[in-house]
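Visitor: Dumping what TrEMBL says about this protein:
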TRANSMEM  12-35  transmembrane segment
TRANSMEM  55-76  transmembrane segment
TRANSMEM  88-107  transmembrane segment
DISULFID  Cys146-Cys178  disulfide bond
TRANSMEM  206-231  transmembrane segment
Amino acid sequence: MGVEGGMKCVKYLLFFFNFIFWLCGLTLIVLGVLVQVAVHNTVVINNVSASSAPIVLIVVGVVVFFIAFFGCCGAWKESYCMVTMFSLLLGLIIITEIGAAIAGYVFRGNLTVIVHESLNDMVTKYSNGTDEFQKALDNLQIDLKCCGVINATDWRGNFGPGTNSVPDSCCVNDTAGCGQGAMEDSRKVHQMGCQTVVEELLKKNIMWVIVAALVIAFLQIMGIIFACMLMRGIRSGYEVM
């Protein structure tokens, strides 16, 4: 009788953890989308690792979202096959999440070089870039109140040999022509470069992804433990209702 009561408790715990997994899947989707938007709205980074972690988390979030329902059905029907499949799929998801966390950590460690190269490339190509390309960098500088890569002098010569002009988006008050010849005028132009600001923003977002992936992986390990306990009870032929 004690075993039956224990299995019943495990069954409902598995239901509870599946509800948590459903919320975790939703959380992963939201976090993945937010980080993906942050990465591509703050700077055009031509690096695969910049997008890999958030994209993996979005995919994993969708899969976890549906696996949670699969686990609930297996527990409700007391199906050994379904609960086993649930455990195996969850195990694969955990490995994927840990991989995404590692990818995010590696990308976070290389962030300085990646952001510097990306911003420097954007500044160099700005004058001959398309309107959309120029608008992306302008929006970055306006939103983050920064100018250039390290500082405003990165724009020197960009609008012609020896010129000390910067894009109007560098100005404290963005008005037409405000950046002409005003590169080193701190009253008119933001002197702080965008690299530091972008790094801090992306590191903050990536850290949230890493923490979320590891916490959710831990919860899922607990779910696998409960699923294995339920599988053992079903295989032994105990009544868990």
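Backbone N, Cα and C define each Cβ position, glycine as well.
If you look at the structure here, what lies around each of the features I listed?
Guide: All chains included, 19 other C-beta atoms sit within 10 angstroms of the C-beta of Cys178 (disulfide bond).
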Visitor: What same-chain residues, at least 6 away in sequence, bring their CB to under 8 Å of the CB of Cys146 (disulfide bond)?
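Guide: Result: Leu140, His190, Met192, Gly193, Cys194, Val197.
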Visitor: Give residue numbers and ranges for long-range contacts of the transmembrane segment (206-231): same chain, 6 or more residues beyond its ends, CB-CB under 8 A.
Guide: 7, 10-11, 13-14, 17-18, 20-21, 24, 27-28, 31-32, 35, 53-54, 57, 64, 71, 74-75, 78, 80, 83-84, 86-87, 90-91, 93-94, 97-98, 100-101, 104-105, 107-108, 111, 240
